[in-house]
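J.: Dropping the structure in here first, questions after.
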Amino acid sequence: MKMWLLVSHLVIISITTCLAEFTWYRRYGHGVSEEDKGFGPIFEEQPINTIYPEESLEGKVSLNCRARASPFPVYKWRMNNGDVDLTSDRYSMVGGNLVINNPDKQKDAGIYYCLASNNYGMVRSTEATLSFGYLDPFPPEERPEVRVKEGKGMVLLCDPPYHFPDDLSYRWLLNEFPVFITMDKRRFVSQTNGNLYIANVEASDKGNYSCFVSSPSITKSVFSKFIPLIPIPERTTKPYPADIVVQFKDVYALMGQNVTLECFALGNPVPDIRWRKVLEPMPSTAEISTSGAVLKIFNIQLEDEGIYECEAENIRGKDKHQARIYVQAFPEWVEHINDTEVDIGSDLYWPCVATGKPIPTIRWLKNGYAYHKGELRLYDVTFENAGMYQCIAENTYGAIYANAELKILALAPTFEMNPMKKKILAAKGGRVIIECKPKAAPKPKFSWSKGTEWLVNSSRILIWEDGSLEINNITRNDGGIYTCFAENNRGKANSTGTLVITDPTRIILAPINADITVGENATMQCAASFDPALDLTFVWSFNGYVIDFNKENIHYQRNFMLDSNGELLIRNAQLKHAGRYTCTAQTIVDNSSASADLVVRGPPGPPGGLRIEDIRATSVALTWSRGSDNHSPISKYTIQTKTILSDDWKDAKTDPPIIEGNMEAARAVDLIPWMEYEFRVVATNTLGRGEPSIPSNRIKTDGAAPNVAPSDVGGGGGRNRELTITWAPLSREYHYGNNFGYIVAFKPFDGEEWKKVTVTNPDTGRYVHKDETMSPSTAFQVKVKAFNNKGDGPYSLVAVINSAQDAPSEAPTEVGVKVLSSSEISVHWEHVLEKIVESYQIRYWAAHDKEEAANRVQVTSQEYSARLENLLPDTQYFIEVGACNSAGCGPPSDMIEAFTKKAPPSQPPRIISSVRSGSRYIITWDHVVALSNESTVTGYKVLYRPDGQHDGKLYSTHKHSIEVPIPRDGEYVVEVRAHSDGGDGVVSQVKISGAPTLSPSLLGLLLPAFGILVYLEF
């Protein structure tokens, strides 16, 4: 073996062992050269578990594998750790994909993986299982009939045929396909074994049943022979207790999966099923089916592990079942390997850590072959260590792969990519670090010289392990030419730079402490001396954070008058601006800093630790802790309240009335009983009121008897033999307790004894007392008070009201009608003589409608007529009139009937010409012929109006034309409609204009045959 060693050149050797043991050595330029930027295979697609249906007509199956690599990778496949014979006609490769023609279960079922390799190494894909799916038919034998007494539970066994895989779904046919059983609380189909369970059999269950099995993996379904079910009638069905027959077992679930538990019970009556997690709340993702028999937990997590219980219960008894869900976890990376380059001869610890449940084990592959187990450490690496590595973390539930390429670097020192700075500046009295960072592998040894003098470590000079040179307490004599030498077993190199000594930067005018009040301005001075050959900048920081003058220019401003002056102006200072300000004067060589404190006096900060104690009906005790006084003593505290009925905070009355600044407890008084409150505390000093504390938790004061009487007590009116009493309900804040209501008291005006009734609805303000013996329009005294569970409140002032008057007893006479059109009828009548009439009501309904659906029109007692509108054309209507007052309506008049007229013509007049003649327009239209169900045309109405307005001049004519004046300015609209006994028909319109024409020309002739409007001027 020969090794090429070039000084100042990089040698990267990538060694790969792939199936046969070949070794490649590659030589590179400085780092990875332009002509060689290769890398080992990186998988982009890997094979997955595949189920091939045995009855498939496709005749082939594909396992995919694709990797990215430079140069392009070569692919191989292995099955059950043996090479796949790609020379066989049964196998072919499409890219990296393996295609198996005419798959055979005996030959092809097994575990496959793909190998991708190039001259950098080889990687192995994840393993994939190729299996063959099938679902055999049910046996051809007939199923025996099943006889069950009504009211008893029963199970029909599915007994599915041989199959793979196990992900079957089950349904049951009733009598014929595709009539499937609907699951409910009484009937259940287990998706675990396929059995049909009926909690108690009914006569309606009679029929022939077949188990219908589907395999979604191979898209095949089969069904069993039909099982006759014959319920045996019972004179009386006996109840029996719940008996759980579908029981879930302990489950091992993988985190992130969906878990289904089944629980079903027989019993009469049908048992109710309840689910719970023992000693813990149910998972938030849990769902229970409508029937209650299925519990599904979606996206199960580790914290969902535990014991789950289902309980079935009916009136005769209950049954319970418990089992545990164990939640396991697929491996997941905590830390994995990545492509790495290391120096030859160095050590490498390659961390590869995974979590999972159970805890995964770690094993390693190198170039596709087993290499190591557990933690991987390489010592004194050589070229033989280069290659493609794979870290595999696996537990019971699967494996995850992390792939990486390890390259070994061998390089003589070179400064070509990173030479020393030609000029290094350092301040007198300061410290400088001169970097020396050549590329080299293995790591070189470093030495330094100044001019012709070799440097060694001393109290001022230190050569770092990475080659950097540190000089402390710099003097003018330290200036000069410095050279760094680097040497390893592959060569040596050096680089030179010049150290220039500058004057140090010094703060000559430092900021001083300041004390201001909120809203005032403050100035922080700062000036510095520095080397005139350098540029000086000032940086201000506040409490350790650099001030951004662009974002914070509202409050911060710098003085740029002199280069050596970095004065800071703080404008309109707020409490948040109090703290330590640091001025840093800096050049590219060094810096100097000085600090000062700014005190901002202002209103106090918010009190803390607010607590509510000793809650009573109208007061509560509060305690709190002092907040910041912001450099001005707190003089007093204010307690504020907010009720559930308001969004506004209000100052509360307190005991003591004035809460001194040294107090940390007080009572809020004069509160509303049985009211929800929040409280907060505000501190005040000579500079103002501060921020409020965080509001307390909402509390409710104790209840108390009402102390406010209802207002606006009155009433009267209503129906016959009624006394209506009204009041203004008390608002929620005056309820003062639970079970709030009203006590209504009333008596005849000259009576002695008050009658009292209780109204329990707190929101009502009305009570109606009915008494058939009550005389109409009788005076009563009434009063109202509120009550709650704590007692009664005061009565309101006594009000005097009258009981309801009697409804009118006379019916209107001389009722008549006049049919106005197809949609309107006018009704008139003679007034009744009774004085108690307040209004008249007209009831009307079409002959084809029921009287109960009658429409009503109400008019005042002064009216003698009313108009009924929006009626149907050519329709018979029945009409009656009654006199009314607040007690109701009296007897109706004799019912009369009327027929609306036929509908007006639906055909609009067709305007055939609009001719200008001198100072007038002549508009002509065709005669409108009414249909058989329409009113005969009796004439025409013409509306002449300005365009855009609704009002104008209305003309009536029996002719088919009309003359209208030429508009003086603007456009006018001429609307023409037919008129009939049934009303006005549909409108036609034409626009005319008074604008002059350029010459006598066509101006206004409508050619009827072609629908063309042409104009003529004479």
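Backbone N, Cα and C atoms are what each Cβ position is placed from, and that goes for glycine too.
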J.: In Swiss-Prot, one of 693-717, 943-967 is tagged region 'Disordered'. Which stretch would that be?
T.: 693-717
J.: Choosing among C65, C158, which residue does Swiss-Prot name as bonded to C114 by a disulfide?
T.: C65
J.: With reference to Swiss-Prot, which of the candidate residues C352, C436 participates in the disulphide bond with C391?
T.: C352
J.: Once near-sequence residues are set aside, which residues in the chain of N208 (N-linked glycosylation site), 6 or more away, have Cβ atoms under 8 Å from its Cβ?
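T.: Non-local contacts for N208 (N-linked glycosylation site): L174, N175, F226, I227, P228, L229.
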J.: Tell me the Cβ contacts of N473 (N-linked glycosylation site) under 8 Å, same chain only and six or more apart in sequence, or just say none.
T.: G429, R431, R460
J.: Count up the helix, strand and coil residues in the domain 'Fibronectin type-III 1' (606-704) according to DSSP, in that order.
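T.: Summed by class, the stretch gives 0 helix, 51 strand, 48 coil.
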J.: Per DSSP, what is the residue tally for the domain 'Ig-like C2-type 4' (331-407) in helix, strand and coil?
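T.: The breakdown for the domain 'Ig-like C2-type 4' (331-407) reads 3 helix, 50 strand, 24 coil.
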J.: Expressed to the nearest Å, what is the distance separating N258 (N-linked glycosylation site) and N338 (N-linked glycosylation site) at their Cα atoms?
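T.: Cα-Cα distance, N258 (N-linked glycosylation site) to N338 (N-linked glycosylation site): 33 Å.
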J.: What mean pLDDT score does the domain 'Ig-like C2-type 6' (504-601) have in the model?
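T.: Overall, the domain 'Ig-like C2-type 6' (504-601) comes to a mean pLDDT of 91.
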J.: Give the three-state DSSP assignment (helix, strand or coil) for N933 (N-linked glycosylation site).
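T.: DSSP call for N933 (N-linked glycosylation site): coil, neither helix nor strand.
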J.: Please report the three-state DSSP label of N258 (N-linked glycosylation site).
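T.: Assignment for N258 (N-linked glycosylation site) reads coil.
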J.: Around the C-beta of N494 (N-linked glycosylation site), how many further C-beta atoms are within 10 angstroms, looking at every protein chain?
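T.: Cβ-Cβ neighbours of N494 (N-linked glycosylation site) within 10 Å number 17.
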